[in-house]
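Undergrad: Straight out of TrEMBL:
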ACT_SITE  K79  active site, proton donor/acceptor
BINDING   G180, V181, G182, S183, V184, G185  NAD(+) binding site
Amino acid sequence: MVVQTSPKMPPEECIRLEDKAAGLDGYIVIHSSARGPAAGGCRLWTYDDPAAALTDAMRLAEGMSYKNAMAELPLGGGKAVLRRPAGNFDRRALFEAFGKAVAQLDGRYVTAEDVGTGVEDMEAVALHTSHVAGRTARPGFAGGDPSPWTALGVFEAMKAAFAFRHGGASLNGATVAVQGVGSVGAGLCRLLAAEGAKLVLADIVDARVAALAAELGGTVVPIAEIAGVEADVFAPCALGGALDMATLDAMRARIVCGAANNQLATPEIADELLARDITYAPDYVVNAGGIINVAAEYLGENESEVRARVLAIGPRTTAILEKARDEGKSSSFVADREAERLMSREVLESL
Ligand code: NAD
């Protein structure tokens, strides 16, 4: 699905990356450094031209500013987007060249994995700069697979959204429809099952969803039906753009809370959710567990600090939903204004 977004704040800086010999062709965008070094992963993807890569980098970097600020991390927002070279290419040379480009920014941008990049790539980057996370996990330090932390944050947010909607009730006995049971979706399902929630599951990989249903119990439905099943909560945990008009028309759940990034297919969907009295826990508020873990690796924090930051996602979700209700605004609108407040000079000077 196509996700449309319009810039909320212009970026501070766009840096062109070009090293023909190494196959490096892309951008680093520093969207905001108000809260600290601009942090966000490095995406390797096929783009038709540099302009398409830049547009994506700007959109993604902006998203990181809002997500990092909302999680109250001492980090700004940035992103690197690299055009995947055609045919075979020397991966190590590409990421070493990227590492040199990151090094030149002297800590103003911190990179990590994203779509199309992995631990080995970050190890190549780390040969040239220390401003990189998502490296091989070391025992006793924060780091490693971020998805369990993302799942925990979504779970905490879902409990908060359910209690907000149903006057303090727990998810025990509630039905949750989970779209996508990959790394985060499956982790979320395990937490939900332990809480006593009933699961309805869908995934394009039949064997994956069947195995999870066999492990935890729950009903498997075709992917085209998951949004419309009878459920209390719809949890988009697959791709972006899950919430469009057709989905809203079909949806029976009155709460949306899931891990996927950019869930709103268009910005107008935020008001549509409000008009339909659907409680929407904004995606970047609830799915920050992963970046919290990545940030902890970079900042040298330990696991208990990661847990405390991830558990704070629950009360933060409640606060946003309450403010949105009190002001008659969409939860997305309220979340954006709160993130912008957390990036403002006024707030930062008071810290
Ligand atoms: P993943 O690739 O492990 O899982 C995605 C799952 O969705 C897969 O099982 C895939 O088969 C399934 N899927 C794809 N299209 C589908 C469809 N149309 N209907 C149903 N299922 C479909 O990815 P993940 O790491 O679990 O991430 C899930 C989402 O959460 C992504 O949008 C990701 O950007 C976002 N997110 C992930 C993290 C993290 O820590 N991994 C952090 C923040 C946000």
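Glycine residues also receive a Cβ, built from the backbone N, Cα and C atoms like all the rest.
No curator has checked TrEMBL annotations; they are predicted automatically.
Just tell me what is around each of these and how deep it sits.
TA: Summarising the environment of K79 (active site, proton donor/acceptor), the number of other Cβ atoms within 10 Å of its Cβ, over all protein chains shown, is 29.
A simple way to gauge crowding: the CB of G185 (NAD(+) binding site) has 28 other CB atoms within 10 angstroms, across all the protein chains here.
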Undergrad: Using the centroid of the Cβ atoms of G180, V181, G182, S183, V184, G185 as reference, list every other same-chain residue with Cβ within 8 Å of it (recorded NAD(+) site), in sequence order.
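TA: For the NAD(+) site the neighbour list reads S147, V178, A186, G187, L188, D203, C237, A238, A259.
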Undergrad: Counting only other Cβ atoms and using a 10 Å cut-off, which of the binding-site residues G180, G182 scores lowest?
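TA: Candidates: the binding-site residues G180, G182. Fewest Cβ atoms within 10 Å: G182.
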Undergrad: I need the CA-to-CA distance for V184 (NAD(+) binding site) versus K79 (active site, proton donor/acceptor), whole Å please.
TA: 22
Undergrad: With the Cβ under 6 Å from ligand 1 as the test, give me the qualifying entries from the recorded positions K79, G180, G182, S183, V184.
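TA: By the Cβ criterion, which requires under 6 Å to ligand 1, the hits are G180, G182, S183, V184.
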Undergrad: Any idea what DSSP makes of G180 (NAD(+) binding site), helix, strand or coil?
TA: coil
